[in-house]
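Remarks on the structure that follows.
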Amino acid sequence: MAEKFVIRGGRPLKGTIAVRGCKNAATPVLAATLLTKEPCVIENLPLIEDVFKMLELIKSLGASVDWLAERKVRIEAKNINPDKLNQGLVAKLRSSVLLLGPLLARCGEAKISQPGGCFIGARPIDVHLEALAKMGVTIKAKKTKICGKKGNRFVCAETAFYHLKTANRLKAREIVLGEFSVTATENILMAAALAKGKTIIKIAAAEPHVENLACFLKKMGVYMKGEGTHTIEVIGKNKLKGVSHQVIYDPVEAGTFILLAIGVKGNVLVKNVPVSCLDLFFEKLRTAGANFRIIGKSAVKIWPAKKLKLEKIQALPYPGIPTDLQSVFGVLATQAEGSTLIHDPLYEGRLKYLEELNKMGAEIIICDPHRAIINGPRPLFGAEVGPFDLRGGAALVMAGLIARGTTVINDIAPIDRGYEKLEERLQKLGADIKRIK
(Lines of atoms letter the chains of each structure in order from A and count residues from 1; the text may use other names and numbers.)
(Lines give C-alpha, C1' and ligand atoms only; values in the text may rest on other atoms or scores of the structure.)
Protein backbone atom coordinates (compact mmCIF):
# COMPACT_ATOMS: atom_id res chain seq x y z
CA MET A 1 0.00 0.00 0.00
CA ALA A 2 1.29 3.46 -0.95
CA GLU A 3 2.41 5.65 1.94
CA LYS A 4 0.89 9.07 2.68
CA PHE A 5 1.76 12.26 4.52
CA VAL A 6 -0.80 13.61 6.98
CA ILE A 7 -0.12 17.26 7.78
CA ARG A 8 -1.85 19.49 10.30
CA GLY A 9 -1.01 22.97 9.14
CA GLY A 10 -0.69 26.35 10.76
CA ARG A 11 2.03 25.36 13.25
CA PRO A 12 4.88 27.83 13.78
CA LEU A 13 8.20 26.53 12.50
CA LYS A 14 11.50 27.44 14.11
CA GLY A 15 14.95 25.95 14.46
CA THR A 16 17.73 24.72 12.18
CA ILE A 17 17.59 22.44 9.16
CA ALA A 18 20.60 21.19 7.17
CA VAL A 19 20.65 20.66 3.40
CA ARG A 20 21.82 17.25 2.17
CA GLY A 21 23.92 16.29 -0.84
CA CYS A 22 22.57 17.10 -4.30
CA LYS A 23 20.53 14.36 -6.00
CA ASN A 24 21.26 15.74 -9.45
CA ALA A 25 24.99 15.80 -8.72
CA ALA A 26 25.12 12.37 -7.07
CA THR A 27 23.63 10.29 -9.90
CA PRO A 28 26.03 11.40 -12.69
CA VAL A 29 29.06 11.07 -10.42
CA LEU A 30 27.99 7.55 -9.46
CA ALA A 31 27.56 6.69 -13.15
CA ALA A 32 31.02 8.11 -13.92
CA THR A 33 32.68 5.63 -11.55
CA LEU A 34 32.11 3.06 -14.32
CA LEU A 35 34.76 4.83 -16.44
CA THR A 36 37.62 3.29 -14.46
CA LYS A 37 38.57 -0.16 -13.20
CA GLU A 38 40.06 1.43 -10.09
CA PRO A 39 38.03 2.03 -6.91
CA CYS A 40 36.34 5.41 -6.34
CA VAL A 41 35.04 6.80 -3.05
CA ILE A 42 32.04 9.14 -3.21
CA GLU A 43 31.04 11.21 -0.17
CA ASN A 44 28.09 13.37 0.90
CA LEU A 45 25.49 11.21 -0.83
CA PRO A 46 21.85 11.96 -0.02
CA LEU A 47 20.05 8.88 1.32
CA ILE A 48 17.23 8.92 -1.22
CA GLU A 49 15.58 6.46 -3.59
CA ASP A 50 17.25 7.78 -6.76
CA VAL A 51 20.71 7.24 -5.25
CA PHE A 52 19.83 3.74 -4.00
CA LYS A 53 18.44 2.78 -7.42
CA MET A 54 21.51 4.09 -9.26
CA LEU A 55 23.74 2.04 -6.96
CA GLU A 56 21.60 -1.05 -7.63
CA LEU A 57 22.00 -0.48 -11.38
CA ILE A 58 25.78 -0.20 -10.98
CA LYS A 59 25.81 -3.43 -8.97
CA SER A 60 23.71 -5.18 -11.61
CA LEU A 61 26.50 -4.45 -14.13
CA GLY A 62 28.98 -6.32 -11.96
CA ALA A 63 30.61 -3.51 -9.94
CA SER A 64 31.16 -3.85 -6.20
CA VAL A 65 29.45 -1.28 -3.98
CA ASP A 66 30.42 -0.95 -0.32
CA TRP A 67 29.12 1.61 2.17
CA LEU A 68 32.04 2.99 4.22
CA ALA A 69 29.92 5.39 6.28
CA GLU A 70 26.39 6.77 6.32
CA ARG A 71 26.87 8.94 3.20
CA LYS A 72 30.11 7.49 1.85
CA VAL A 73 30.37 4.67 -0.68
CA ARG A 74 33.23 2.81 -2.39
CA ILE A 75 32.65 1.59 -5.95
CA GLU A 76 34.97 -0.67 -7.90
CA ALA A 77 33.92 -1.40 -11.47
CA LYS A 78 36.76 -3.77 -12.35
CA ASN A 79 34.66 -6.09 -14.49
CA ILE A 80 31.31 -4.87 -15.85
CA ASN A 81 28.92 -6.40 -18.37
CA PRO A 82 26.40 -4.16 -20.21
CA ASP A 83 24.17 -7.19 -20.87
CA LYS A 84 23.51 -7.55 -17.13
CA LEU A 85 21.93 -4.12 -16.64
CA ASN A 86 18.66 -4.37 -14.68
CA GLN A 87 16.18 -3.08 -17.31
CA GLY A 88 13.22 -3.19 -14.94
CA LEU A 89 15.02 -0.74 -12.65
CA VAL A 90 16.05 1.44 -15.61
CA ALA A 91 12.34 1.96 -16.32
CA LYS A 92 11.90 3.44 -12.82
CA LEU A 93 14.82 5.89 -12.85
CA ARG A 94 15.17 8.83 -15.21
CA SER A 95 18.86 9.30 -14.42
CA SER A 96 19.60 5.75 -15.62
CA VAL A 97 20.11 7.42 -19.02
CA LEU A 98 23.43 8.63 -17.57
CA LEU A 99 24.80 5.09 -17.91
CA LEU A 100 24.93 5.41 -21.71
CA GLY A 101 28.07 7.55 -21.86
CA PRO A 102 30.17 5.50 -19.42
CA LEU A 103 29.11 2.12 -20.87
CA LEU A 104 29.83 3.16 -24.45
CA ALA A 105 33.17 4.71 -23.47
CA ARG A 106 34.26 1.74 -21.37
CA CYS A 107 32.61 -1.26 -23.08
CA GLY A 108 31.63 0.01 -26.54
CA GLU A 109 28.04 -1.07 -25.99
CA ALA A 110 24.92 -0.17 -24.02
CA LYS A 111 21.43 -1.65 -23.91
CA ILE A 112 18.78 0.42 -22.19
CA SER A 113 15.02 0.73 -21.91
CA GLN A 114 13.35 4.15 -22.07
CA PRO A 115 14.36 5.66 -18.69
CA GLY A 116 11.62 6.30 -16.12
CA GLY A 117 11.19 9.05 -13.52
CA CYS A 118 8.59 11.75 -12.95
CA PHE A 119 5.77 12.28 -15.42
CA ILE A 120 6.25 15.98 -16.13
CA GLY A 121 5.73 15.95 -19.87
CA ALA A 122 7.69 14.78 -22.88
CA ARG A 123 11.26 13.91 -21.91
CA PRO A 124 12.74 12.11 -24.92
CA ILE A 125 16.38 11.07 -25.01
CA ASP A 126 16.82 12.12 -28.66
CA VAL A 127 19.38 14.79 -27.73
CA HIS A 128 21.56 12.11 -26.11
CA LEU A 129 21.21 9.71 -29.05
CA GLU A 130 21.94 12.33 -31.72
CA ALA A 131 25.10 13.46 -29.91
CA LEU A 132 26.34 9.90 -29.36
CA ALA A 133 25.70 9.06 -33.02
CA LYS A 134 28.10 11.87 -33.97
CA MET A 135 30.75 10.11 -31.87
CA GLY A 136 30.45 6.95 -33.98
CA VAL A 137 27.68 5.09 -32.13
CA THR A 138 25.17 3.01 -34.08
CA ILE A 139 21.71 2.94 -32.55
CA LYS A 140 18.92 0.42 -32.96
CA ALA A 141 15.54 0.98 -31.34
CA LYS A 142 12.55 -1.30 -30.94
CA LYS A 143 9.30 -1.28 -29.01
CA THR A 144 8.95 -3.54 -26.00
CA LYS A 145 6.84 -4.01 -22.87
CA ILE A 146 7.84 -3.40 -19.29
CA CYS A 147 5.66 -4.97 -16.58
CA GLY A 148 5.62 -4.48 -12.84
CA LYS A 149 3.66 -3.40 -9.79
CA LYS A 150 2.20 0.10 -9.51
CA GLY A 151 0.73 0.45 -6.04
CA ASN A 152 -1.48 -2.61 -5.60
CA ARG A 153 -1.82 -3.25 -9.33
CA PHE A 154 0.31 -5.20 -11.80
CA VAL A 155 0.59 -3.16 -14.98
CA CYS A 156 2.36 -3.33 -18.34
CA ALA A 157 3.40 -0.39 -20.48
CA GLU A 158 4.84 -0.10 -23.97
CA THR A 159 8.27 1.47 -24.06
CA ALA A 160 11.33 1.78 -26.28
CA PHE A 161 14.45 -0.37 -26.01
CA TYR A 162 17.75 0.94 -27.37
CA HIS A 163 20.84 -1.01 -28.39
CA LEU A 164 23.85 1.28 -28.83
CA LYS A 165 27.19 0.05 -30.10
CA THR A 166 30.49 1.33 -31.40
CA ALA A 167 32.95 -0.84 -33.31
CA ASN A 168 35.94 1.16 -32.16
CA ARG A 169 36.87 3.76 -29.58
CA LEU A 170 34.44 6.70 -29.46
CA LYS A 171 35.39 9.56 -31.80
CA ALA A 172 35.97 13.07 -30.48
CA ARG A 173 33.76 15.54 -32.31
CA GLU A 174 32.35 19.04 -32.14
CA ILE A 175 28.81 18.50 -30.88
CA VAL A 176 26.09 21.12 -30.83
CA LEU A 177 23.32 19.98 -28.49
CA GLY A 178 19.76 20.67 -29.58
CA GLU A 179 18.90 22.25 -26.22
CA PHE A 180 20.40 23.07 -22.84
CA SER A 181 20.02 19.50 -21.62
CA VAL A 182 21.73 18.77 -18.31
CA THR A 183 21.79 14.98 -18.63
CA ALA A 184 22.82 15.09 -22.31
CA THR A 185 25.73 17.38 -21.40
CA GLU A 186 26.74 14.99 -18.62
CA ASN A 187 26.46 11.95 -20.88
CA ILE A 188 28.70 13.48 -23.55
CA LEU A 189 31.23 14.63 -20.95
CA MET A 190 31.52 11.03 -19.73
CA ALA A 191 31.62 9.59 -23.26
CA ALA A 192 34.33 12.11 -24.23
CA ALA A 193 36.42 11.21 -21.16
CA LEU A 194 37.70 8.07 -22.91
CA ALA A 195 37.33 9.25 -26.53
CA LYS A 196 40.38 9.86 -28.71
CA GLY A 197 41.08 13.55 -29.29
CA LYS A 198 39.26 16.77 -28.41
CA THR A 199 35.49 16.88 -28.03
CA ILE A 200 33.83 20.30 -28.04
CA ILE A 201 30.31 20.52 -26.60
CA LYS A 202 28.31 23.62 -27.58
CA ILE A 203 24.98 24.65 -26.05
CA ALA A 204 26.19 22.78 -22.97
CA ALA A 205 24.29 23.04 -19.70
CA ALA A 206 26.10 25.10 -17.04
CA GLU A 207 24.33 23.90 -13.88
CA PRO A 208 26.39 23.46 -10.68
CA HIS A 209 25.93 19.69 -10.80
CA VAL A 210 27.43 19.62 -14.31
CA GLU A 211 30.44 21.45 -12.88
CA ASN A 212 30.59 18.94 -10.02
CA LEU A 213 30.77 16.06 -12.51
CA ALA A 214 33.44 17.92 -14.49
CA CYS A 215 35.47 18.32 -11.29
CA PHE A 216 35.25 14.56 -10.68
CA LEU A 217 36.34 13.73 -14.24
CA LYS A 218 39.29 16.11 -14.02
CA LYS A 219 40.43 14.40 -10.80
CA MET A 220 40.29 11.10 -12.72
CA GLY A 221 42.72 12.53 -15.27
CA VAL A 222 40.53 14.09 -17.98
CA TYR A 223 41.65 17.44 -19.43
CA MET A 224 38.74 19.83 -19.58
CA LYS A 225 38.04 23.54 -19.80
CA GLY A 226 34.88 25.63 -20.04
CA GLU A 227 32.79 23.77 -17.46
CA GLY A 228 30.25 26.20 -16.02
CA THR A 229 29.88 27.84 -19.46
CA HIS A 230 27.94 26.82 -22.55
CA THR A 231 31.02 25.60 -24.44
CA ILE A 232 33.12 22.80 -22.93
CA GLU A 233 36.28 21.23 -24.34
CA VAL A 234 37.30 17.71 -23.33
CA ILE A 235 40.43 15.76 -24.28
CA GLY A 236 39.96 12.10 -23.53
CA LYS A 237 42.43 9.68 -21.97
CA ASN A 238 43.16 6.02 -22.63
CA LYS A 239 42.75 5.19 -18.96
CA LEU A 240 41.30 6.97 -15.93
CA LYS A 241 42.25 6.56 -12.28
CA GLY A 242 40.11 5.99 -9.23
CA VAL A 243 39.71 8.99 -6.91
CA SER A 244 37.72 10.32 -3.96
CA HIS A 245 35.08 13.00 -4.49
CA GLN A 246 32.45 14.91 -2.53
CA VAL A 247 29.03 15.60 -3.98
CA ILE A 248 27.96 19.25 -3.65
CA TYR A 249 25.09 20.29 -1.39
CA ASP A 250 21.72 20.57 -3.09
CA PRO A 251 20.73 24.07 -4.27
CA VAL A 252 17.18 22.88 -5.01
CA GLU A 253 16.67 21.44 -1.53
CA ALA A 254 18.18 24.63 -0.07
CA GLY A 255 15.77 26.76 -2.10
CA THR A 256 12.85 24.54 -1.10
CA PHE A 257 13.55 24.93 2.62
CA ILE A 258 14.10 28.68 2.32
CA LEU A 259 10.83 29.20 0.43
CA LEU A 260 8.99 26.91 2.85
CA ALA A 261 10.25 28.93 5.83
CA ILE A 262 9.16 32.16 4.16
CA GLY A 263 5.73 30.72 3.29
CA VAL A 264 4.94 29.54 6.82
CA LYS A 265 6.38 32.73 8.36
CA GLY A 266 8.94 30.72 10.26
CA ASN A 267 12.13 31.58 12.14
CA VAL A 268 14.49 29.12 10.52
CA LEU A 269 18.21 28.78 9.93
CA VAL A 270 19.07 26.74 6.81
CA LYS A 271 22.60 25.33 6.81
CA ASN A 272 24.78 23.87 4.02
CA VAL A 273 23.29 26.28 1.47
CA PRO A 274 25.38 26.57 -1.75
CA VAL A 275 24.86 30.33 -1.74
CA SER A 276 26.98 31.02 -4.82
CA CYS A 277 24.64 28.85 -6.95
CA LEU A 278 21.51 30.86 -6.09
CA ASP A 279 22.22 34.47 -7.07
CA LEU A 280 19.00 35.10 -9.03
CA PHE A 281 16.97 33.17 -6.47
CA PHE A 282 18.11 35.49 -3.66
CA GLU A 283 17.62 38.57 -5.83
CA LYS A 284 14.02 37.50 -6.49
CA LEU A 285 13.43 37.11 -2.73
CA ARG A 286 14.91 40.56 -2.03
CA THR A 287 12.65 42.28 -4.55
CA ALA A 288 9.67 40.28 -3.22
CA GLY A 289 10.18 41.68 0.29
CA ALA A 290 11.24 38.49 2.07
CA ASN A 291 13.19 38.78 5.32
CA PHE A 292 16.40 36.77 5.20
CA ARG A 293 20.10 37.16 5.84
CA ILE A 294 22.96 35.22 4.26
CA ILE A 295 25.45 34.21 6.93
CA GLY A 296 28.93 33.44 5.61
CA LYS A 297 29.09 31.21 2.54
CA SER A 298 26.62 28.50 3.48
CA ALA A 299 23.83 29.55 5.88
CA VAL A 300 20.61 31.55 5.51
CA LYS A 301 18.46 32.92 8.33
CA ILE A 302 14.75 33.51 7.59
CA TRP A 303 12.18 35.38 9.70
CA PRO A 304 8.59 36.53 9.02
CA ALA A 305 7.84 39.28 6.50
CA LYS A 306 4.72 41.44 6.60
CA LYS A 307 4.03 41.40 2.86
CA LEU A 308 5.38 39.65 -0.24
CA LYS A 309 4.96 40.52 -3.90
CA LEU A 310 6.42 38.18 -6.51
CA GLU A 311 4.82 39.39 -9.80
CA LYS A 312 6.60 36.91 -12.10
CA ILE A 313 8.49 33.63 -11.73
CA GLN A 314 10.05 32.24 -14.88
CA ALA A 315 11.95 28.95 -14.84
CA LEU A 316 15.08 29.01 -16.99
CA PRO A 317 18.32 27.07 -17.42
CA TYR A 318 21.12 28.01 -15.01
CA PRO A 319 21.82 30.67 -13.85
CA GLY A 320 18.06 31.28 -14.04
CA ILE A 321 15.46 30.14 -11.51
CA PRO A 322 15.59 26.31 -11.63
CA THR A 323 12.50 24.57 -12.98
CA ASP A 324 12.76 22.36 -9.86
CA LEU A 325 11.94 25.42 -7.71
CA GLN A 326 9.07 26.69 -9.83
CA SER A 327 6.45 24.69 -7.90
CA VAL A 328 7.49 25.88 -4.42
CA PHE A 329 7.52 29.44 -5.74
CA GLY A 330 3.98 28.74 -6.95
CA VAL A 331 2.86 27.90 -3.42
CA LEU A 332 4.54 31.04 -2.08
CA ALA A 333 2.65 33.05 -4.71
CA THR A 334 -0.66 32.02 -3.08
CA GLN A 335 0.48 34.01 -0.01
CA ALA A 336 1.85 37.00 -1.95
CA GLU A 337 0.07 40.26 -2.77
CA GLY A 338 -1.57 40.66 -6.18
CA SER A 339 -1.14 38.49 -9.25
CA THR A 340 1.91 36.35 -9.97
CA LEU A 341 2.68 34.91 -13.40
CA ILE A 342 4.28 31.45 -13.27
CA HIS A 343 6.00 30.51 -16.52
CA ASP A 344 7.82 27.21 -17.01
CA PRO A 345 8.78 26.84 -20.69
CA LEU A 346 10.90 23.75 -20.04
CA TYR A 347 8.24 21.11 -19.23
CA GLU A 348 4.56 21.03 -20.13
CA GLY A 349 3.54 18.86 -17.17
CA ARG A 350 5.06 20.86 -14.35
CA LEU A 351 1.92 22.85 -13.48
CA LYS A 352 -0.32 19.92 -12.47
CA TYR A 353 0.24 20.66 -8.79
CA LEU A 354 -1.67 23.94 -9.26
CA GLU A 355 -4.91 21.97 -9.72
CA GLU A 356 -4.35 20.55 -6.23
CA LEU A 357 -3.70 24.04 -4.82
CA ASN A 358 -7.06 25.14 -6.22
CA LYS A 359 -8.65 22.29 -4.21
CA MET A 360 -7.04 23.85 -1.14
CA GLY A 361 -8.59 27.27 -1.75
CA ALA A 362 -6.04 28.95 -4.00
CA GLU A 363 -7.18 31.21 -6.84
CA ILE A 364 -5.22 30.06 -9.87
CA ILE A 365 -5.90 30.37 -13.59
CA ILE A 366 -3.95 27.81 -15.62
CA CYS A 367 -3.53 29.55 -18.98
CA ASP A 368 -1.80 26.72 -20.84
CA PRO A 369 0.62 23.86 -20.02
CA HIS A 370 3.42 26.37 -19.42
CA ARG A 371 1.79 29.41 -17.80
CA ALA A 372 -0.49 30.20 -14.87
CA ILE A 373 -1.66 33.28 -12.98
CA ILE A 374 -1.91 33.01 -9.19
CA ASN A 375 -3.92 35.62 -7.28
CA GLY A 376 -3.11 36.21 -3.63
CA PRO A 377 -2.97 36.30 -0.80
CA ARG A 378 -5.48 33.51 -0.25
CA PRO A 379 -5.89 31.27 2.80
CA LEU A 380 -5.29 27.59 2.09
CA PHE A 381 -7.36 24.81 3.66
CA GLY A 382 -6.52 21.16 4.24
CA ALA A 383 -7.55 18.71 1.52
CA GLU A 384 -6.68 15.29 0.13
CA VAL A 385 -4.22 15.75 -2.72
CA GLY A 386 -1.77 13.77 -4.85
CA PRO A 387 1.86 14.69 -5.54
CA PHE A 388 2.12 13.86 -9.30
CA ASP A 389 5.89 14.34 -9.31
CA LEU A 390 8.86 14.92 -7.02
CA ARG A 391 8.91 18.73 -7.00
CA GLY A 392 5.13 19.09 -7.08
CA GLY A 393 5.04 16.80 -4.05
CA ALA A 394 7.43 19.09 -2.14
CA ALA A 395 5.22 22.02 -3.07
CA LEU A 396 2.14 20.28 -1.65
CA VAL A 397 4.00 19.56 1.60
CA MET A 398 4.68 23.29 1.84
CA ALA A 399 1.01 24.05 1.08
CA GLY A 400 -0.11 21.59 3.77
CA LEU A 401 2.12 23.29 6.36
CA ILE A 402 0.61 26.68 5.46
CA ALA A 403 -3.00 25.46 5.31
CA ARG A 404 -5.61 25.46 8.04
CA GLY A 405 -6.76 21.98 8.99
CA THR A 406 -5.49 18.60 7.81
CA THR A 407 -3.92 17.82 4.46
CA VAL A 408 -3.37 14.27 3.19
CA ILE A 409 -0.81 13.78 0.41
CA ASN A 410 -1.31 10.42 -1.28
CA ASP A 411 1.43 8.22 -2.73
CA ILE A 412 4.52 10.04 -1.50
CA ALA A 413 7.02 7.76 -3.31
CA PRO A 414 7.93 10.56 -5.76
CA ILE A 415 8.86 12.81 -2.82
CA ASP A 416 11.14 10.12 -1.38
CA ARG A 417 13.02 10.06 -4.69
CA GLY A 418 14.56 13.44 -3.94
CA TYR A 419 14.12 14.42 -0.27
CA GLU A 420 15.77 12.46 2.50
CA LYS A 421 13.50 11.68 5.48
CA LEU A 422 11.60 14.90 4.79
CA GLU A 423 8.96 14.47 7.49
CA GLU A 424 11.54 13.75 10.23
CA ARG A 425 13.54 16.87 9.39
CA LEU A 426 10.42 19.05 9.32
CA GLN A 427 9.21 17.59 12.62
CA LYS A 428 12.37 18.94 14.24
CA LEU A 429 11.25 22.43 13.18
CA GLY A 430 7.88 21.90 14.86
CA ALA A 431 5.84 20.71 11.88
CA ASP A 432 2.94 18.34 12.52
CA ILE A 433 3.58 15.88 9.70
CA LYS A 434 3.35 12.09 9.82
CA ARG A 435 4.00 9.27 7.39
CA ILE A 436 1.25 6.61 7.35
CA LYS A 437 0.33 3.58 5.26
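Note: Cβ is positioned from N, Cα and C throughout, glycine not excepted.
In TrEMBL, annotation is done automatically, which means it is predicted and not curated.
The active site, proton donor feature in TrEMBL is assigned to C118. Summarising the annotation, TrEMBL assigns phosphoenolpyruvate binding site to K23, N24. The UDP-N-acetyl-alpha-D-glucosamine binding site annotation in TrEMBL covers R94, D324, L346. If you look up TrEMBL, you'll see 8-426 marked as domain 'Enolpyruvate transferase'. If you look up TrEMBL, you'll see C118 marked as 2-(S-cysteinyl)pyruvic acid O-phosphothioketal.
DSSP assigns N24 (phosphoenolpyruvate binding site) to a helix. Mapped onto three states, the DSSP output places L346 (UDP-N-acetyl-alpha-D-glucosamine binding site) in coil. Its own atom aside, the Cβ of L346 (UDP-N-acetyl-alpha-D-glucosamine binding site) has 19 Cβ atoms within 10 angstroms in the protein chains shown. In the shown protein chains, 22 other C-beta atoms lie within 10 A of the C-beta of D324 (UDP-N-acetyl-alpha-D-glucosamine binding site). In the structure as shown, the Cβ atom of R94 (UDP-N-acetyl-alpha-D-glucosamine binding site) sits within 10 Å of 20 other Cβ atoms. For the pair K23 (phosphoenolpyruvate binding site) and R94 (UDP-N-acetyl-alpha-D-glucosamine binding site), the Cα-Cα distance reads 12 Å.
The maximal spread of the UDP-N-acetyl-alpha-D-glucosamine binding site, taken as the longest Cα to Cα distance among R94, D324, L346, is 16 Å. You'll find the Cα of N24 (phosphoenolpyruvate binding site) roughly 11 Å from the Cα of D324 (UDP-N-acetyl-alpha-D-glucosamine binding site).
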